[in-house]
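What TrEMBL lists as FAD binding site is Val221. TrEMBL lists 260-274 with the feature domain 'Glucose-methanol-choline oxidoreductase N-terminal'. Annotated active site, proton donor per TrEMBL: His505, in sequence order. Feature annotation from TrEMBL assigns active site, proton acceptor to His549.
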Amino acid sequence: MADSYDYIICGGGTAGCVVAGRLAENPHVRILVIEAGQHHKDLENVHMAGGWNNLFDDKTDWNIVTSPMSGVNNRQVKLSRGKFLSGCSGCNGTLCIRGSKQDYDDWGLDGWSGEEFFKYMQKAETFHGKPWFKAADRSHGQSGPLHVEPHDLAPISQLIMDSFVSQGLPLDHDMFTTGETPHGCGHVPRTVYNGLRTTSGDFVTNGYHRSNVTIMTDTTVDRILFKKTPNGLNADGVVVVTANGQQSLHAKREVIISSGAYCSPTILMRSGLGPKEELRRNGIECLVDLPGVGQNLLDHLIVFMFYETEKPGLTTDHLVYHDDNFDKTYALWKDKKEGFLSTFPFGSFAFARLDDRLKHEPLWKNAPRQPGRDPMGLTPKQPNVEFFTTECYGGPKQYDQFPIDHKHAFSIIAELFSPKSRGSVTLKSKNPLENPVVDCNYLADPLDLLVITEACRFANEIITKGAGTKDIVKGSWPPHLTHHTYTKREEWIPYVKEHATTCYHAAGTCAMGADSDPRAVLDNKLRVRGVTGLRVADCSVMPSLHGGHTQMPAYGIGERCADLIKETWTSPQVMNLAKL
């Protein structure tokens, strides 16, 4: 294998594979993708969307765990991340929820308006409709490597959709693509097609495999190599760790870090780019003092609420938890790529504004706000929360009270948008094989607790009073819980502190920003400040989190980064230099 390439991409995850695939459209450049985990081609639980949980807590997971956090009863939260080619796109919930255009307008960065960024998310996709789905065709892509289709609802999800509508959340089929409905319910297109999960790996494998892309798996990036030039430090390679020890690899043009919101800042810090004091503590020479590296950690907090129904045939529990049905369900996927395991068991979705529900709360009334914005910093065009549902019992590993013995359960999940609390990612040591110290700092701000507890109260009303579900709920699940009886917001506070967990939407730790912003790590072209030849492309670049799920922004960031690199290397000045 060569040790010199035009571009080196550190991380073969959601954004990294997109950058590689798009740069490889130029047959005259050579690209190296470095992935810490294994190739995904033989990982059945990647291709079988219903097998996602088997990828966690194993060598296919980064297995990052937070520090104890006071806002959630000093609990530690497991932050699973995909450690294999295609990254989190190979183990996520398959959801295409882009947010609203205002979310990206709020970044205030040239080239990243909502109008522009929605086009980049669209570029990644080839959308496949279904006869029942009222698609907003103009908002969908038709030629990207990522194949996407709507999800056929289980009966329980159709009933919850009826409950959403009856509780004041009107139906707008494709609202999660258009981003134009902040208060309503709809259907979410999924990164699944013909019974198989589609991933960012599709940008560099299968029909998009190109000979000018080299994929190096089971290889961890330690740090960036710099050379001194008349213009300062220029990134010209990386040091990696393989089973055979350390190795240096060189980049003739650029190094792109796409290692996610937990690992991208650690590569920068090990390379001498980061908060001076943090680097000194770990015995690392500070090349550029960038105080924002690893700070501004954002995540969406979610709360699962499970309910039992005695009516058979509504949920899909029987297909996996009852008798020996799992074997039949697995055989159906193996033989025909159909059934429960061919998709992810999320059901129906809604966005909600909570202004009316919170207007009499003293904390909400008295909180500072900007003109035209609520206390969370959102306009009326942006939802405060999302509700989504599962079609059976299940979730992260702590949810292990499975409804065997012919019982049936489902959940509604409340998700907090625009959290005020910010966390951090710091180094445990300068050893690249050691996971970082992550503090999500959940619910540190009282406004976050106010909004998420009111969201739980609303979600419970949707299930227990909504037209579709009020007559089919037996009670809470597991049966010793009593949240179905709660009526006051305050009753939800202990429940939230005990059960709130991650939605796996980490962002913000290598944020873009204006030249005047001392906390900005990158400029609006994703270039790391203080050096040349180095960019970051993943959700760590987001200055604030959108009101949606991070999969589609990760694809959009990868698409945008590839275009920015192409612009740099096809500009007249560069072409003239190349001729010298």
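Positions of Cβ are set from backbone N, Cα and C atoms, glycine also.
TrEMBL: automatically predicted annotations, no manual curation.
His549 (active site, proton acceptor) sits 27 Å from the residue listed as 'FAD binding site', taking the Cα positions as reference. Each residue in the domain 'Glucose-methanol-choline oxidoreductase N-terminal' (260-274) has a pLDDT score, and their mean in this model is 99.
Across the fold, the C-alpha of His505 (active site, proton donor) and the C-alpha of the residue listed as 'FAD binding site' stand 23 Å from each other. For His549 (active site, proton acceptor), other Cβ atoms within 10 Å of its Cβ number 26. Spatially close to the residue listed as 'FAD binding site' yet at least six residues away along the chain are Cys10, Gly11, Ile34, Ala36, Val238, Val239, Val240, Ile257, Ser259, Ile267, Pro432, judged by Cβ distances under 8 angstroms. Across the range of the domain 'Glucose-methanol-choline oxidoreductase N-terminal' (260-274), the DSSP-based residue counts are 11 helix, 2 strand, 2 coil. If you draw a 10 Å sphere around the CB of the residue listed as 'active site, proton donor', it holds 24 other CB atoms from the protein chains shown.
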